[in-house]
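S.K.: Okay, here's the structure, questions in a sec.
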Amino acid sequence: MIKLIVGLGNPGPQYAVTRHNAGFMIVDNLAVKLGVNFNAYKNLGEYVKTTIGGQDVFLAKPLTFMNLSGRMVTHLAGFYKIKPQEILVCFDDISINLGAVRIRKDGSAGGQNGMKNIIELFGTQDIPRLRFGVGPKPERFDSADYVLSKFSKSDEKLLNESIEAAVEAAESCVKDGLERAMNKFNK
């Protein structure tokens, strides 16, 4: 059962609408849908306790920059006695086409440094994740430059629709369980 949904991103207005902040966008939109506001958490990020489908769940956004995301996630999970298998980490993935959603129970970080840090600090790859497609990366772009670039105007409609689908997928992971959510959203 998912007890903590984490959105990965970078703090600061200069990163607000970049591909690397897709995780923040998902969790922010979920918070709006649920009518809750984030609170500061130990200078490491923001979080809020809420309910989805009658189940208590935390939403969290580490504000330590992407590469140090695990600091907040492991601290929050330890404090509330949440196992790595009960966490859903939402993040961008340049290997997936823009707007596609992929849910996995476990696996490697796949080159995503925030997820890599979380895996390292927990000492396990057994952490569910929701990967949000921000690709494909054009040949002329360096990966780091691409994920830190803003979405184009032409991508905005698809982005908004896809973020809503990702919010539904995250809710489904809590309400229906990972297997059913994967069957519904992994296409």
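Backbone N, Cα and C define each Cβ position, glycine as well.
So Swiss-Prot has the following annotated:
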type	residues	note
SITE	Asn10	site 'Discriminates between blocked and unblocked aminoacyl-tRNA'
BINDING	Tyr15, Phe65, Asn67, Asn113	tRNA binding site
ACT_SITE	His20	active site, proton acceptor
SITE	Asp92	site 'Stabilizes the basic form of H active site to accept a proton'
S.K.: Can you tell me the CA-to-CA distance separating His20 (active site, proton acceptor) and Asp92 (site 'Stabilizes the basic form of H active site to accept a proton'), as a whole number of Å?
M.R.: 6
S.K.: Which number gives the other C-beta atoms within 10 angstroms of the C-beta of Phe65 (tRNA binding site), all protein chains shown included?
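M.R.: By my count, 15.
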S.K.: I'm trying to understand the geometry here, so how far is the Cα atom of Asp92 (site 'Stabilizes the basic form of H active site to accept a proton') from the Cα atom of Asn113 (tRNA binding site), in Å to the nearest whole number?
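M.R.: If we compare the Cα positions of Asp92 (site 'Stabilizes the basic form of H active site to accept a proton') and Asn113 (tRNA binding site), the gap is 11 Å.
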S.K.: Give the maximum pairwise CA distance in Å, whole number, for the residues Tyr15, Phe65, Asn67, Asn113 listed as binding tRNA.
M.R.: 16
S.K.: Within 10 angstroms of the C-beta of Tyr15 (tRNA binding site), what count of other C-beta atoms is obtained when all protein chains are considered?
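M.R.: I get 18 for this one.
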S.K.: Can you give me the Cα-Cα distance between Asn10 (site 'Discriminates between blocked and unblocked aminoacyl-tRNA') and Asn67 (tRNA binding site) in Å, rounded to a whole number?
M.R.: 9
S.K.: Looking only at Asn10, Asn67, Asn113, the recorded positions on record, which one has the least crowded Cβ, with the fewest other Cβ atoms within 10 Å?
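M.R.: Per-residue Cβ counts within 10 Å for the recorded positions Asn10, Asn67, Asn113 bottom out at Asn67.
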S.K.: Centre the Cβ atoms of Tyr15, Phe65, Asn67, Asn113, go out 8 Å, and tell me which other residues of that chain have a Cβ in range of the tRNA site.
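M.R.: In sequence order, the nearby non-listed residues are Asn10, His20, Met66, Leu68, Ser69, Gly114.
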S.K.: Near the Cβ of Asp92 (site 'Stabilizes the basic form of H active site to accept a proton'), how many other Cβ atoms are there if near means within 10 Å?
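M.R.: I count 25 other Cβ atoms within 10 Å of it.
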S.K.: Around the Cβ of the residue listed as 'active site, proton acceptor', how many other Cβ atoms lie within 10 Å? Please give the count over every shown protein chain.
M.R.: 23
S.K.: Does DSSP give Asp92 (site 'Stabilizes the basic form of H active site to accept a proton') helix, strand or coil?
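M.R.: Where Asp92 (site 'Stabilizes the basic form of H active site to accept a proton') sits, the three-state DSSP reduction gives strand.
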